[in-house]
Amino acid sequence: MSAILDIHARQIFDSRGNPTVEVDVYTENGIMGRAAVPSGASTGEHEAVELRDGGKDFMGKGVQKAVDNVNGEIADHLLGFSVFEQNLIDQTMIDLDGTPNKSKLGANAILGVSLAVAKAAANELNMPLYRYVGGVSANTLPVPMMNIINGGSHSDAPIAFQEFMIMPVMADSFSHALKMGTEIFHNLKNVLHDRGLSTAVGDEGGFAPTLDGTEDALDTILKAIEKAGYKPGKEVMIALDCAAAEFFVDGKYDYTKFEGDKGKVRTSEEQADYLAELASKYPIISIEDGMDENDWEGWKAVTDKIGDKVQLVGDDLFVTNVERLGRGIKESIANSILIKVNQIGTLTETIAAVNMAHNAGYTSVMSHRSGETEDNTIADLAVALNTGQIKTGSASRSDRMAKYNQLLRIEEELGDVAFYPQDKAFKIK
């Protein structure tokens with residue numbers, strides 16, 4: 001029955017040098033599954049709780065409590081379970097925690113076990129993870145959202161928006177898309193260098209130059225796309241992550257928080273108008289978190305304005321949570337959900353969120369966190385769940401490239417069955 005023989009967690013380090021949780025699950029057949037848990041810098045207030053130790057060690061960011069919860073209470077309850085009982089295992093941990101946001105055991109403890117169990121099960125069957133989770137229909141390679149300029153909380157650049165991304169929507173295949181993305185990334189480096197700007201990279205591998213503002217960042221990206229020999233608005237589109245919750249202050253969108261005196265302060269309606277203006281002026285296909293996570297009226301305004309022609313992605317808004325997504329669907333707010341496994345804390349709940357989104361006609365985007373590891377599970381999950389899009393950083397830093405490289409392997413393994421959706425990944429006009 002492939003029973004779980006042992007569960008062992010340890011403290012390792014993420015791409016920012018902060019502690020995180022890694023879990024090994026061993027079966028009675030000697031098979032092992034391993035998963036490392038990512039961590040975010042800008043986190044939604046409705047996310048599942050990442051348990052940290054506090055105190056002086058690691059500036060309060062240690063995860064020994066979460067590790068002890070895995071090695072103690074969680075292991076005590078799960079030893080003897082079949083690794084193929086994913087739903088039962090996940091539900092057992094949810095019940096064991098007993099809180100609505102996994103604050104007792106920690107979402108980082110629970111997720112590490114959940115993903116390691118799935119990997120052990122796939123290894124038991126000598127099957128790739130994407131095939132084990134997704135079955136025979138798992139054949140869609142995602143269109144990459146490549147974060148090439150970082151702003152907001154991810155860099156020291158004086159720009160409020162957190163991420164400026166490129167999407168090679170008309171590539172012939174995933175490998176072709178990655179070629180296009182890397183060429184644009186390297187051309188962007190040259191464009192920045194020629195302007196005497198910094199080419200140091202931020203948390204997610206994108207550049208963090210001292211640009212003059214949002215439009216300067218967009219114009220610079222257009223120049224890099226053209227310099228690489230591609231057509232913006234046709235072969236390559238732009239995606240934004242505004243992370244608006246990071247500069248939503250006292251009911252207004254206060255750009256001065258990141259942009260200083262030249263930044264504007266906008267109401268919800270003005271913010272919606274500004275996003276619509278940018279979308280009409282530039283080849284923007286996707287905007288994530290253009291409004292604060294609690295500004296449902298603002299979200300409704302921007303959805304009504306541009307939701308028919310721009311993908312509007314809820315990250316902090318939905319936090320991979322079916323209850324919040326359900327409200328969004330009911331009120332026709334946004335049209336896409338960002339999927340972050342550590343926002344909700346189990347594989348079962350992640351799958352439920354993707355299924356709910358797709359059944360309602362919303363798109364889904366599999367996503368990394370700014371604090372990542374060499375773990376490439378989300379690459380397999382993007383294919384397994386046919387999300388059609390993945391957001392996993394720039395074309396630099398091995399913690400980001402690990403996911404892209406895994407997708408190259410999956411595409412090669414799938415062969416002729418591999419499907420790259422191009423612009424059909426978006427359900428907009």
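Here, residue 1 is simply the first one shown, and the rest follow in order.
Quick reminder: no glycine exception, Cβ is built from N, Cα and C everywhere.
Feature list (source: Swiss-Prot):
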type     : residues                               : note
ACT_SITE : Glu204                                 : active site, proton donor
ACT_SITE : Lys340                                 : active site, proton acceptor
BINDING  : Gln162, Lys340, Arg369, Ser370, Lys391 : (2R)-2-phosphoglycerate binding site
BINDING  : Asp241, Glu288, Asp315                 : Mg(2+) binding site
When you tally the Cβ atoms that lie within 10 Å of each candidate's Cβ, which of the binding-site residues (Gln162, Ser370) has the highest tally?
Gln162
If you count CB neighbours within 10 Å, which one among the recorded positions Glu204, Glu288 has the smallest count?
Glu288
So among Gln162, Glu204, Arg369, all listed as recorded positions, which is physically nearest to Glu288 (Mg(2+) binding site)? Use the C-alpha atoms.
Gln162
Which ones are near the residue listed as 'active site, proton acceptor': of the binding-site residues Asp241, Asp315, Arg369, Ser370, which have a Cα within 10 Å?
Asp315, Arg369
Return only the integer: C-alpha distance in Å from Gln162 ((2R)-2-phosphoglycerate binding site) to Asp241 (Mg(2+) binding site).
6
Can you grab the distance from Arg369 ((2R)-2-phosphoglycerate binding site) over to Asp241 (Mg(2+) binding site)? Cα atoms, rounded to a whole Å.
13
Which whole-number value in Å describes the distance between the Cα atoms of Lys391 ((2R)-2-phosphoglycerate binding site) and Asp241 (Mg(2+) binding site)?
11
Taking Glu204 (active site, proton donor) as the reference, which of Asp241, Asp315, Ser370 (the binding-site residues) have a CA within 10 A of its CA?
Ser370
For each of Lys340, Arg369, Lys391, count the other CB atoms within 10 A of its CB; which of these recorded positions has the top count?
Lys391
Where Asp241 (Mg(2+) binding site) and Ser370 ((2R)-2-phosphoglycerate binding site) are concerned, what is their Cα separation in Å, rounded?
13
Report, in whole Å, the straight Cα-to-Cα distance of Ser370 ((2R)-2-phosphoglycerate binding site) from Asp315 (Mg(2+) binding site).
14
